[in-house]
Structures are given as C-alpha cells and as structure tokens.
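The next block holds one structure in the form of structure tokens; read it before the comments.
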Amino acid sequence: MESQTTFKYESLAFTKLSHCQWTDYFLSVPIDESELDVITREIDILKPEVMELLSSQGDDETSKRKVLLIQLLLSLGLAFHFENEIKNILEHAFRKIDDITGDEKDLSTISIMFRVFRTYGHNLPSSVFKRFTGDDGKFQQSLTEDAKGILSLYEAAHLGTTTDYILDEALKFTSSHLKSLLAGGTCRPHILRLIRNTLYLPQRWNMEAVIAREYISFYEQEEDHDKMLLRLAKLNFKLLQLHYIKELKSFIKWWMELGLTSKWPSQFRERIVEAWLAGLMMYFEPQFSGGRVIAAKFNYLLTILDDACDHYFSIHELTRLVACVERWSPDGIDTLEDISRSVFKLMLDVFDDIGKGVRSEGSSYHLKEMLEELNTLVRANLDLVKWARGIQVPSFEEHVEVGGIALTSYATLMYSFVGMGETAGKEAYEWVRSRPRLIKSLAAKGRLMDDITDFDSDMSNGFAANAINYYMKQFVVTKEEAILECQRMIVDINKTINEELLKTTSVPGRVLKQALNFGRLLELLYTKSDDIYNCSEGKLKEYIVTLLIDPIRL
C-alpha cells in the first residue's frame, strides 16, 4: 500500500523532457497587418470566380465536374469558403446519384465522388466499386496502370464502415500497388511524393492544414492545374500562416505571464507550441482563431495535469485535488501541497480567463459543462494512478473505458466547442456528456494507440496501467499477440467511427467534424507508434516548420 505521505516524483525513472524550443522564435517573428489586408482583398476578388464554377448549370456531367471540384477545394484547403454552396450541390446531386455514377468507368472519378459524398454525410454505397472487380470479387489487375486512380481508391477505402467489405479488399489491393510504385520510382517525382505522404497518413485521418500545404505543392506540379485556384490556395494558406503566428504570439505571452515555469519539476513538459498545434488539429479555419488560442490554453493545462499524475501525485494528494476540483473554490488551495497547489491554481486561472469571454457572450453553460467534464477527468486520473501503482487491477475493458477519459478524449472535444460560438450550442455539450458510441469509440482508439506506443517505457518505469499489459494478463498472451489484437481493434474502431459519422443526426455537421478532427489528432500523434507530442524532433518539428516557418511562395 502506498504511503499517505507525498509521493516523491524523483523515485520514478521517467526521462527528463526538454523545454519548449520554439517560444523565443515565434515571439520574434514580425507580423505586418497591412500584408494581411492585401491578401484578404485579393482572396475576396478571386472567390467569386470559384463561386461561378460551383453555380454553373448543366447536365449530369456538370454535376460530376462540380463534385470533382469540391474534392480539389478540400485538398487545397479552400472548401470552408464555400460550405453553403457545397452543401446545396451535394444535396441536389445525391438525389440523382444513380444517373451521375451509372455509366462512369473511371476509377479516380468514382473514388473521388465516393469520398466527397461520404465526407459530407451522404452514404453513397460502396457497391459503386463493383464495376472494377472481376467475378472472383478481386479488383482488376488492369487498374494498376492508373496510378492516380489507385491512389484515389486507397483514399476512398479509409471511409469504409463495418459492412463495406469491398473496401477491405480495395485497401489490400491499393496498398500493395502503391508500395510497388514507390519502390519502382516510375512515376513523376511529385506523384511519388504524394503517394509517400498518403501512405504515411491518408487525407481521411490527416490534419487539414497539412493536407493543404502538401497538396498545393503537388497541384502546382500538375500540368493542367488551374492558375486561379492555385493562386487562391496559396493566398489562403499564406493568410492562415499569418493568423497562426499571431495566435501563437498571444498564447505564448499568456503562458509567460502565468510565471509557472519555475514551479514545475523538470519532468513536466513545457509543450507550448505543441499545445497550440493540437488546437490546430481540431480546426484550421481562420474564423476559429480565438478558438485555437482557447484550445491551446486547455491543452497546456491538460498536459500539466497529465504530467503531475504520471510523475508526482501520490494517491492521497490526487484525492485531495479531486475534492478541490469538485468544490471549485480558491479556498481549497490551502489544503494542497507544492505541485498540486500550482496545478489547481492553473485550473482556476484557465477557467477564469476563458470564462470572461464566454460570459460576455451569454454562454455561461460552456463553463458549467466544461467544469463537469474536468471533474470526470480528474476522477478518471485518480483511478488510473491507483491502477498504475498496483493498488487495484482493472479488467482490460475497464482500463480502456476509464483510460479513454483520462487521455482527455472527451475533455479535448468538449473544450474545442468553446471557440465555435452558436455552431456548438448546449446540445453539443450534452451530446458529449451522453457518451455516444462515436465518442466512446474515439476515446477507446486513443487509449489503445497511446498504450501501444508507450508500452515499453511504461513497463520499464513500473507503470502498470497499460492496455497491452492488462490484455496480456487477462487473455494470457504474449506482448506481440496483445499488440496485434489491439491494432486489429483500432482498424475496427475506425470503421465504427466512419459509420457513426454517417448515422448521427442529433448534432450539427460541424460538431461531427470536430469528432472526426479529434480522430485525426490521434492519428497525427500516434501514427507509426511514434508519440510525437513528447518528441520535439522528428515529425512534430516537420509539422511546425512546414506549417509555420517555411513561407509559401505566392
């Protein structure tokens, strides 16, 4: 049994983490407000030209061209400018979908149409791909001569549900041939680069800002690119970069004014730019600029709380913190010690800071719902700490459920609603609190991905609370068998997520997109079993440089 004295974090063998390397750099980057104005004016001049393309009247071929244009707008990061037009086009086109797709024999066209309709909530049947299979149900080998078609089908396969068996076959077929294309090097360099990026992470699960940056580079190398669209995409991304740097400056200054850095042990993560980047993963559009700063503040708080639970808190101290959060009074600080006092003070400061904004908007329910979720989160962390220290041993299923809460799955999604105004009203918070199948699936996915990534380090640190560990013990299997089974679960969970995104009608589409974006966040953090949030080099550094430092040439 753990002693009721304060647990000493020095006794744990956790690796010391480096401090944020980016803060000084971004504070020094100048922002020219006049440049923002010039870019905005040119964007406003070009947008009507796209509107004209989207509003053109015609036959089924015209409808088909519009759907293909919508996918191009999505890939270039421009679709948010035309959401109403896109919604109307797809609703009209879906009513005559059989006429539009009936005689189409082009693999890329069908794959793109499938992706677009499903992305916007229209359940286009996967049977549209049967025209590309033989009597044995296998995809025709002649398709392998169409590199872009294979790539489009690979992308489409990631929108499959639990009953889209043909897409399972499509994924095997396309993965094999795309890897062969990479190895053979017969495609043009920009196509090979797109294939490599897509195999790392398909658009379905990638960050929208990353998709846009990569696809702009690809599209510029296409001989038949539309110069107007390319110019608009570049201007749009340049404007986003300027917005992002302004947000980072604001967030970094807020963090510096807190003056808490000297109070944290060296094991705690000063992930400042990373906390903002996690907010960018939830929404990239300029109208959510304030929301990203809010999300960054919450992400910083949640990172510190996670570190305190992993590295410092005794069960006794965390129990006292749980009681303070439930009472939610500054008076409770006096009952806490050292780090827990600073953590609770940070909680109060963040909620007070965010509260000033939402109260002025007449949306005080935001705070009530978020505080309730914070209560749930710290209680889940208490359970996890008890399990980690061997005080209690949960089942594999219980760990995945409670661990999904402790991973901040529900809190991260709910906190992203704050910067969305009336788009995410009270019903959005109530929906998350009801624990719908979609969000429970996302939470389980996050827990499994995190525990697969951290298994070796958790075990070497004596940290028992890990899904792989519990699966091995409960089902008497090896580490390798447990990991393979959990990876299979993640594949099935992704299909369930896709299914629930199509079936859920109780909340607005933008709220559903936040759920999808949380799934994307998980993929970005844990793809290839590489916890990039805790590694300042590698892929995370690449994202920061690509999105914020490398200028896009206009």
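A Cβ is built for glycine as well, from the same backbone N, Cα and C atoms used for every other residue.
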If you check Swiss-Prot, which stretch out of 146-150, 306-310, 426-430, 501-505 is marked motif 'DDXXD motif'? 306-310
Around Asp306 (Mg(2+) 1 binding site), how many other C-beta atoms are within 10 angstroms of its C-beta? 18
Inter-residue Cα distance where the pair is Asp450 (Mg(2+) 3 binding site) and Asp310 (Mg(2+) 1 binding site), in Å: 14
DSSP-derived class (H/G/I helix, E/B strand, else coil) of Asp310 (Mg(2+) 1 binding site): helix
